[in-house]
Amino acid sequence: MDAETGPAAPQDQWKSYCRTISLLAFQSFGVVYGDLSTSPLYVYKSAFSGRLNNYRDETTIFGLFSLIFWTLTLLPLLKYVIIVLNADDNGEGGTFALYSLLCRHAKFSLLPNQQSADEELSTYYQPGVGGIISSPLKRFLEKHRKLRTCLLLFVLFGACMVIGDGVFTPAISVLSAISGLKDPGPGGIPDGWVVFIACVVLVGLFALQHRGTHRVAFMFAPIVVVWLLSIGVIGLYNIIHWNHRIFLALSPHYVIKFFKMTGKDGWLSLGGVLLAITGTEAMFADLGHFTAASIRLAFVGAIYPCLVLQYMGQAAFLSRNMSAVEDSFYQSVPRSLFWPVFVIATLAAVVGSQSIISATFSIVKQCLSLGCFPRVKVVHTSRWIHGQIYIPEINWILMVLCLAVTLGFRDTTVIGNAYGLACIVVMFVTTWLMALVIIFVWQKNILLALLFVVAFGSIEAVYLSAAVTKVPQGGWAPIVFAFVFMLVMYVWHYGSRRKYLFDLQNKVSMKWILTLGPSLGIVRVPGIGLIYTELVTGVPSIFSHFVTNLPAFHQVLVFVCVKSVPVPFVPEDERYLIGRIGPREYRMYRCIVRYGYKDVQKDDENFENHLVMSIAKFIQMEAEEAASSGSYESSEGRMAVIHTEDTTGTGLVMRDSNNEASGTSLTRSSRSETLRSLQSIYEQESGSLSRRRRVRFEIAEEERIDPQVRDELADLLDAKEAGVTYIIGHSYVKARKNSNFLKTFAIDYAYSFLRKNCRGPAVALHIPHISLVEVGMIYYV
């Protein structure tokens, strides 16, 4: 039997792998390729919108198609599909994934609260890639902070351009699809109605975002497949019916002839040709939802051949119908197929818009993790697919900007100028980041990185130079949007960093805490106090503010730091770092909760239970190490990763309390009847009472536990039963009186405005209001 099943097992695994890849490739049509596949709607019109309109002959058409063909082959196929998709960050893609890789393999990060313990995460280094290797170039970049700041600004600029894509993609895609109604015949409708219908479709698109991309994408995948088959078949029909000699234009010789004949006018038309590859970055940015193999399969098997056939067919049609260049796509569709193609084109345009809107949400979330964006609400829209999110504030901002662009420009050519500039900037940023990845992450020769930059950067530089000339004709819009978003990001990052540095420079000394004694000079009352801070070491200055202003403090104190790590995801079992502050009898601990830049901080109803179990496990681990060394002295600053999934070795037993009295079973319990009543009302109103797991802890009687450890565990459990209070500083950040004008304006006005109009830290951290205590403090930075 084993001999029969043995050879079959690898074959079954291979069949399962192929089925999975095929399914992912099919689903990727609805998420990744909607934007790229709708480009034929407007490429030729945009290319001929300038002086190239004076060269209406077959040689120009052939040269233009040859230019489109080789651009599609060199950038999306060769650069992205073959090379860039290999630079994933644990399966994640995009500019932030490249920046994250660089920050882990070189000290480029500007996040101030990084620890050596972060490097022990299982997702920190890529499989098969070694650790950090020193080199003169790396040491030079690490030494100069201004260069690292420039690198971050470079990445953020690319991110802002992606947000710009989120504005321009829906506008140009939907408006181009609806423009098919502007038929010059008797059935056509005025331009004003076309714009109005496009705006209605756009409002509907953004109104549906809260339902989640996974539902939309699964429904839209068949639409994109039908659209691709339609444009591929129509392109093949036009080749056969109008001019089969177009196959000659596959030779790059026609590109040379094109530029020889058109000269500067041909170079200016590159801004329109550029639109043929818009949406290419989505292949890399949306890598986290699929696999590199599935994205490659979809592109090589369907996207590339269908797009080539469509562009070739349009060129064949235009070579015989030059007057139709203003609406070449719909004019090339046989009249009997117009309405079916129009409906499919409109739906496909919505799909293309959906992909970049989802990518914009992800980019904003990553900026938020880097501390470069004001706190916004992040909603996890799928229980099964990790990383699919919805951000209400960004969604409505995008909708307003998109409607403003549609109503303000009213022309796909002008919108295309802005759209093309935004897309080529993102691709250019990716090229340079990839060069650094080749050197520092893949650890290849610097000449290979230079070859990559020269080969692809030079092509993109030519397109970028042509797109820049379109700045007066709409190209200014993405620059303005990028400037505004960059200003918001920089001000937020600057203000947050100055506040952190104030805490870092004004930490409470351990000597002062030790002089207060175990009681801290005040009454220690039953309960656990969770003090939230951004510091990963030391005690924040706000603690002394608490001690001097509050008459009593909790029996057990835990300093909680929620921080971001430059990895996409932190495994649940490696999320908690636990340590001790001061001697054992002080009952003061530190808990660091780590998240990756793609992790979503959800309301964890079992956070308190996890925290108690983690501290108990740390106490046991510390006691075992102390016993082996013969010393019971605690080590300040030592942190240990506590695996929350494994409850062994805690000395505690977790029991289900669903059938017990509510006074002792509520997760956030209290001995106070008033607080118990308030907690019960709060949980019932929030809808969390029925789904919350009610537990209580007991010390395991059968285990042999050291008396000191048993006493500490008993204090911990008594504090847990008494109740948990969340303590957070309500800080006011002000510039010092001797600050210059720019700093004063940035801190006192811009940063203060952003703080007042974004979500509070208690909301972002999902802290229950019933258990929250806020203490005000002014920071002079």
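Here, residue 1 is simply the first one shown, and the rest follow in order.
Just so it is clear, glycine is given a Cβ too, placed from its N, Cα and C backbone atoms.
TrEMBL labels come from automatic prediction, so no person has curated them.
Annotation comment: TrEMBL describes 24-514 as domain 'K+ potassium transporter integral membrane'. Residues or ranges marked as domain 'K+ potassium transporter C-terminal' in TrEMBL: 526-779. What TrEMBL records for 650-672 is region 'Disordered'. Here TrEMBL flags 61-82, 149-172, 192-209, 216-240, 267-285, 297-317, 337-364, 385-407, 419-441, 448-468, 474-492, 512-532 as transmembrane segment.
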Highest-contact recorded stretch vs the transmembrane segment (267-285), from 61-82, 192-209, 512-532, CB pairs under 8 Å: 61-82
Dominant neighbour of the transmembrane segment (149-172) in 192-209, 216-240, 419-441, 474-492, 512-532, by Cβ pairs under 8 Å: 419-441
Confidence summary for the domain 'K+ potassium transporter C-terminal' (526-779), mean pLDDT rounded: 77
Cβ-Cβ under 8 Å with the transmembrane segment (192-209): same-chain residues at least 6 beyond its ends: 170-171, 174-175, 178-179, 181-182, 216, 346, 350, 353-354, 357, 390, 395-396, 398-399, 402-403, 406-407, 410
Cβ pairs under 8 Å between the transmembrane segment (61-82) and the transmembrane segment (385-407), at least three: no
Proximity of the transmembrane segment (385-407) to the transmembrane segment (419-441), 3+ C-beta pairs under 8 angstroms: no
Recorded stretch, among 337-364, 419-441, 448-468, 474-492, maximising Cβ pairs under 8 Å relative to the transmembrane segment (216-240): 337-364
